[in-house]
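So that you can see what the record holds, here are the features copied from Swiss-Prot:
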type: REGION; residues: 1-276; note: region 'DNA-binding'
type: DOMAIN; residues: 21-259; note: domain 'PV NS1-Nuc'
type: BINDING; residues: Glu119, His127, His129; note: divalent metal cation binding site
type: REGION; residues: 191-195; note: region 'Ori-binding'
type: MOTIF; residues: 210-214; note: motif 'RCR-3'
type: ACT_SITE; residues: Tyr210; note: active site, for nuclease activity
type: DOMAIN; residues: 373-528; note: domain 'SF3 helicase'
type: BINDING; residues: Gly399, Pro400, Ala401, Ser402, Thr403, Gly404, Lys405, Ser406; note: ATP binding site
type: REGION; residues: 543-672; note: region 'Transactivation'
type: REGION; residues: 615-643; note: region 'Disordered'
Amino acid sequence: MAGNAYSDEVLGVTNWLKDKSSQEVFSFVFKNENVQLNGKDIGWNSYRKELQDDELKSLQRGAETTWDQSEDMEWESAVDDMTKKQVFIFDSLVKKCLFEVLSTKNIAPSNVTWFVQHEWGKDPGWHCHVLIGGKDFSQPQGKWWRRQLNVYWSRWLVTACNVQLTPAERIKLREIAEDSEWVTLLTYKHKHTKKDYTKCVLFGNMIAYYFLSKKKICTSPPRDGGYFLSSDSGWKTNFLKEGERHLVSKLYTDEMKPETVETTVTTAQEAKRGRIQTREEVSIKTTLKELVHKRVTSPEDWMMMQPDSYIEMMAQPGGENLLKNTLEICTLTLARTKTAFDLILEKAETSKLANFSMASTRTCRIFAEHGWNYIKVCHAICCVLNRQGGKRNTVLFHGPASTGKSIIAQAIAQAVGNVGCYNAANVNFPFNDCTNKNLIWVEEAGNFGQQVNQFKAICSGQTIRIDQKGKGSKQIEPTPVIMTTNENITVVRIGCEERPEHTQPIRDRMLNIHLTRTLPGDFGLVDKHEWPLICAWLVKNGYQSTMACYCAKWGKVPDWSEDWAEPKLDTPINSLGSMRSPSLTPRSTPLSQNYALTPLASDLADLALEPWSTPNTPVAGTAASQNTGEAGSTACQGAQRSPTWSEIEADLRACFSQEQLESDFNEELTLD
């Protein structure tokens, strides 16, 4: 920039201050006051006693060198030798105090950044500014540093005092110095607590903007304010002359000035608030954002996913209540901003959608075993989970045991995460766990009894208030319900009396999914990634989770007597006991099914003429089609399921026509 216009010393100091521009340091002021003890006056220049400590002598010689090197040769300084000597002694005493405190903290001076400047003011007279900081310094340590420096400063002042004092007067002088706080720390007063807290300053900014811009004192006694000498840990400002100091200040100011001025708009609410957030508030808000982002809804999830923040809050006073309230805010945020369908959908791994087959999922295999259109059933469930079912806000899985009700409901609840459970054992507060949730799970529901009206309100998605144990009432917002049962919940009994007036209202609030086929023992559980992929597949293929889309796809809103088998699917589904791909399933043929018979001669005519059928099995085809050799083979070829009685009959008629049976039987008789 200006390598040819400025000296290397000026540019070196400027770059050094820029490197330290963001370092926070303590700001101390050393001073003394005029004291009178038993008629003896002790002023600011009464501390010129010759020092016997070798380290103090070395520090004093360093101050003398700094003064000589920073003198401007264009004019001669008018400061007398007595004033100079007093400043040199003060400089050595201040640095001695700093080094002694560093020694007590086991901090190496090389790891510390400091700056010292002696000044004269109209009101305080002589005083010394000290900036000190480093990686081992923190804001709460500021007051401890002030107390320690005050003790060392008072002790060394008494040692350097050249006024003849008795031992008692020396002790009194030290008490005055300590009680009057001749070492002060820069602090600020909190608006609400009214307490003083340490205020750190930026090292580079404070030196360039404040200290280097001052004028040097050249008269004795000093008439105006200014500085005597300054030094620092990097030996950068020690030997700068007054003009060079002003030039460094100007260069630093020009380079650190922002190019554009950012304007901020403060709303009336923010201006009215006018408060400073505490560190605890900022920490809680940061933790809360992380919990919501990671969908943490229980203390166990918090312990596993964010153990550091959990331990930090637990260690604070009232930590248990703080954890509970923070988690409640997190679940409330999820319940108000997301639906159960949203929470399931965001867990889908889109990379698996390309090879995903909805027909191969355990959920769809259960539905297909009942002959249902599994896409239609899943679409209806997703509409309810997305709060689009209107008054029909509950998915009811009912039927005999071991038909897959609970494993489907469990997979959905696990995918949602933020789930509340109905507790039938808690007669007075059964919905205690159902507030601020995205889904309510009612497992093995029974007779509603006295709670039927509450159940109807929650199952229809109404906003109601419930009582909680040890608390006041709390509001439950519209929340989808998933319910499993082996009983007929539409029959309400209060005492020994049935209430049929509740049957139809309960049916109007339910998405009826009646499972009747028992699963084999090796069927297994529904995978946790299954429902997220099902939801993503539906969205990808145009089955949006809205009732308008459902009606456009399937014709009408689902009701209690909904026929899930219509419209039929063309895609075959494997049986429940098989985990193989449909392409690997062997075709059903007469030879593979081992339907060979050896009829008697008297029964040949009956076998060929009378249809083999049961009261529940329709007769297969006409006589013309039954007597052809192709009818039986086509009845089972290409099918991916077990043959019906009609297909078996067609196969037998194809293999054992009357003429063929008589011919085979006659051949056997001839051989015998």
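The backbone N, Cα and C atoms fix where each Cβ goes, glycine too.
Locations of recorded Swiss-Prot features on the structure.
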residue : record                             : DSSP (3 states)
Glu119  : divalent metal cation binding site : strand
His127  : divalent metal cation binding site : strand
Tyr210  : active site, for nuclease activity : helix
Gly399  : ATP binding site                   : coil
Lys405  : ATP binding site                   : helix
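Nearest to Glu119 (divalent metal cation binding site) in space, judged by Cα atoms and limited to the binding-site residues Ala401, Thr403, Lys405, is Lys405. The predicted model assigns the region 'DNA-binding' (1-276) a mean pLDDT of 87. The Cβ of His129 (divalent metal cation binding site) lies under 8 Å from the Cβ of Ser27, Phe28, Val29, Phe115, Val116, Gln117, Glu119, Phe211, each of these being in the same chain and 6 or more residues away along the sequence. A separation of roughly 77 Å, to the nearest angstrom, links the Cα atoms of Lys405 (ATP binding site) and Tyr210 (active site, for nuclease activity).
Taking each Cβ in turn and tallying the other Cβ atoms within 10 Å, the top scorer among the binding-site residues Gly399, Gly404 is Gly404. Of all Cβ atoms in the protein chains displayed, 21 besides its own lie within 10 Å of the Cβ of Glu119 (divalent metal cation binding site).
In sequence order, Phe397, Thr484, Asn486, Leu515, Thr518, Leu519 are the same-chain residues whose CB sits within 8 A of the CB centroid of Gly399, Pro400, Ala401, Ser402, Thr403, Gly404, Lys405, Ser406, the residues recorded for ATP being left out.
Taken through DSSP, the region 'Ori-binding' (191-195) splits into 0 helix, 0 strand, 5 coil. Fewest other C-beta atoms within 10 angstroms, among the binding-site residues His127, Lys405, are seen around His127. For the pair Gly404 (ATP binding site) and His127 (divalent metal cation binding site), the Cα-Cα distance reads 85 Å. In sequence order, Phe397, Glu443, Thr484 constitute the residues six or more apart from Ser406 (ATP binding site) in its chain with CB-CB distances below 8 Å.
Between the listed recorded positions, namely Tyr210, Pro400, Ala401, Ser402, the fewest other CB atoms within 10 angstroms of a CB are found at Ala401. Taking CA atoms as the reference points, Pro400 (ATP binding site) and His127 (divalent metal cation binding site) are 92 Å apart. Within 10 Å of the C-beta atom of Thr403 (ATP binding site) sit 22 other C-beta atoms, taking all shown protein chains into account. A Cβ within 8 Å of the Cβ centre of Glu119, His127, His129, the residues given for divalent metal cation, is found for these other residues of the same chain: Val29, Phe30, Lys31, Gln117, His118, Trp120, Gly121, Pro124, Trp126, Cys128, Tyr227.
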